[in-house]
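Visitor: Quick paste from TrEMBL:
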type     : residues : note
ACT_SITE : B:Ser149 : active site, charge relay system
ACT_SITE : B:Asp226 : active site, charge relay system
ACT_SITE : B:His258 : active site, charge relay system
Number of protein chains: 2
Amino acid sequence: MSIELLQQHHCFAGEQRFYRHDAQSVQCDMKFGVYLPEKALQGQSCATLFYLAGLTCTEETFAIKAHAQRLANEMGFILITPDTSPRGADVMDDAHWDLGQGAGFYLNATQPLWSKHYQMQDYIVDELYALVIEHFAVDPDRVGIMGHSMGGHGALSLAFKFPEKFKSVSAFAPISAPSICPWGEKAFHHYLGADQHAWFAHDSAQLIVKNGKHFSDILVDQGLDDQFYEQLHPEKLQQACDQVGQALTLRFHDGFDHGYYFIQSFIDDHLRHHAKQLQ
Amino acid sequence: MSIELLQQHHCFAGEQRFYRHDAQSVQCDMKFGVYLPEKALQGQSCATLFYLAGLTCTEETFAIKAHAQRLANEMGFILITPDTSPRGADVMDDAHWDLGQGAGFYLNATQPLWSKHYQMQDYIVDELYALVIEHFAVDPDRVGIMGHSMGGHGALSLAFKFPEKFKSVSAFAPISAPSICPWGEKAFHHYLGADQHAWFAHDSAQLIVKNGKHFSDILVDQGLDDQFYEQLHPEKLQQACDQVGQALTLRFHDGFDHGYYFIQSFIDDHLRHHAKQLQ
């Protein structure tokens, strides 16, 4: 699988790069970011974190706004930042920002209008996963996943679907129970159809109850001034974890909102969480 | 002088805010950012840094991309980020990005087309300076200035014009000799007229020779893969400092370019430089 280098920036002792490739799973060109710490540039095998971004974001959002590179270089983490959906003029879209391009929800759509391109689960878990192992010094035994908001849903749901691929997981303000919040209901209805039983296979709270404990700990940070709090249902995540004995470090933070000023404040803790889990 | 709060985000133990105010000096509404560390929120007097951004940037660029808040909170720095020019439908502009709105060059324009609004020197040094002392826990005896590219020119030139207001200075990839580079020649011609002698009063290399040593050290970082290197003339800055015995720590960095992935890599060193100078 070939990839085309679009941008390359020295950043600390490593490099922040962006690539484009012809993605088979989603039948369109896709871009992704990769931060390579000094250790990876020297060819040493590195623990690797996928970061899944939220609604309206792109492969560049985390690299610009989350301030993770300093510690990632220090700790020797490769950071992979996919885009949030398939994109392009011939890719189905919606006039609203919470559906279609920029809002792929990291699942495989089954409905006719969406199923051709919106196969984001296959894209992340199979195609991009294999591609970064092929092209970079990724240690395939030390891969974790994290995400924010819609991407927090993506990180949690993919981790519990594929614990053999993602050995650690964390999230910022994740959509923990998409089946019962307005963003999730809208997206799932369009991508998966009207039968709500089909939705549960992509709902983290439901998946955890069904699949059981898989991680020695999960880290989730949640701001208490989050303007989208009613979409997120952290209590459902807590209940699901309690039900199956899955350890969850769920931290609530006074005054913090939903944005990247919140994420930058706690990103170092997430890198340390993954380092511990991936030891 | 009243200010209107536009955005307020918890960020580490401090707050990243953005304000709007009716600016007399530039006769238009202006926005600026301020990062208040925990210490400032508790009302303790804080060392304060102005950061002047480069062409096309706004008051938000540094706050989003430079990753300074973590250490600023730890060290107790207030960070002030002005916009890069006057703005608005009735403010003179140019079709190109290197003149007019987003390209104010931090000087007072004298030419009829520009002089009504483009009084950025007065705006920064008098109006905004007084305003932040009035509204925030700024220690007026510990104010420094830094900047990037056009804002590096701004920081260096304003520091050598007003060393009683700015007690420390540093820059990333500054336009050190605007009188002899294409960006500077174009802007100075429009803002200051055809007489090049009028330009020297706003040219850092010239100002340093004229005004002499004012700081115990200056820190300047410069990437060696900077795509705008020919605009910057770091050698003129070095020559001017050598000529008057002004200490200059000018560091060249292999592989780094002109952007914020470069700035985030060295911003911590700049905060430490200012802390030392402002002791």
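The backbone N, Cα and C atoms fix where each Cβ goes, glycine too.
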Visitor: When you measure from the Cβ of B:Asp226 (active site, charge relay system), which residues in the chain that are at least 6 apart have a Cβ under 8 Å away?
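Guide: Residues satisfying the criterion: B:Ala173, B:Leu232, B:Phe256, B:Asp257, B:His258, B:Phe262.
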Visitor: Tell me, how many other CB atoms lie within 10 A of the CB of B:His258 (active site, charge relay system), whichever protein chain they belong to?
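Guide: Excluding its own Cβ, the number within 10 Å is 22.
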Visitor: Count the other Cβ atoms sitting within 10 Å of the Cβ of B:Ser149 (active site, charge relay system), across every protein chain shown.
Guide: 26
Visitor: Taking DSSP three-state, what's B:Ser149 (active site, charge relay system) in: helix, strand or coil?
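Guide: The three-state answer is coil.
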